[in-house]
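Here is the structure we will look at.
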Amino acid sequence: MGNLRSSFVFFLLALVTYTYAATIEVRNNCPYTVWAASTPIGGGRRLDRGQTWVINAPRGTKMARVWGRTNCNFNAAGRGTCQTGDCGGVLQCTGWGKPPNTLAEYALDQFSGLDFWDISLVDGFNIPMTFAPTNPSGGKCHAIHCTANINGECPRELRVPGGCNNPCTTFGGQQYCCTQGPCGPTFFSKFFKQRCPDAYSYPQDDPTSTFTCPGGSTNYRVIFCPNGQAHPNFPLEMPGSDEVAK
């Protein structure tokens, strides 16, 4: 009976190990509330300053992203709106957020057993961010950052309340590498790249912006406002936002 019980416990541990490839820890260090969002797993969570949310990501997860929503106001049923990053007016996101929003993107246990991950500004910028493996292993498996004052320095053409749009959102078209086909960096993509060299600045910015870690043995951490404070141009709380659903 004892051996049977031990075997069952071992089976459960093995099943958990097999099912989850990584944990994604999301932490808010901003001096304001951030409503974190995660798809296709996780949904959403209110994070006051200093709070953390841990997401268990299954093996093979791909096209996944984590972002922060700002100046949100949700009712007790989890319905409402956000100034940036809104995902259809719900707390629990099932689709992508409305730009602008700084993105942490990842795909787990893919080609050659590697995790692929990045910070993307292809949907613009709203919150400074660090994305890092908790157990870096060298090479391209190390912390990456986008912490510049992009909102404060945003070109006039891309400015919106609470953030800075990518030109693909504002203008679209091949001129800004928003469609398939050869293209190079533009004035606007250079603006983002110079301030956040680790991050994707336009859709075809792969060579300097994709990072890899060993799949199945690496966990990750996303930190909003990693320096613990926001620039003056970053969003403040909306009136009544302390009455949102938690």
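Here the Cβ of each residue, glycine as well, is placed from N, Cα and C on the backbone.
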Problem - Disulfide-linked residue for CYS146, taking Swiss-Prot as the record, within CYS87, CYS93, CYS196 - result: CYS196
Practice task
Scan CYS141, CYS164 and flag the one Swiss-Prot records as disulfide-linked to CYS154.
Solution key: CYS164
Fill in the blank from the handout: Correct disulfide partner for CYS213 among CYS82, CYS87, CYS93, CYS141, by Swiss-Prot, is CYS141
Completion exercise
Among CYS72, CYS93, Swiss-Prot lists the disulphide partner of CYS82 as CYS72
Completion exercise
Candidates CYS30, CYS87; Swiss-Prot says the disulfide mate of CYS225 is CYS30
Exercise for the section: By CA-CA distance, flag whichever of CYS30, CYS168, CYS177, CYS183 among the disulfide-bonded residues is nearest to CYS146 (disulfide bond). Expected result: CYS30
Practice task
Between CYS196 (disulfide bond) and CYS177 (disulfide bond), find the distance joining the two CA atoms and give it rounded to the nearest Å.
Solution key: 18
Problem - Spatial neighbours of CYS177 (disulfide bond) that are distant in sequence (at least 6 apart) but have CB under 8 A - result: CYS168, CYS183, GLY184, PRO185, THR186, SER189, TYR202, PRO203, GLN204
Handout entry: Cα-to-Cα gap, CYS225 (disulfide bond) vs CYS164 (disulfide bond), nearest whole Å
Key = 16
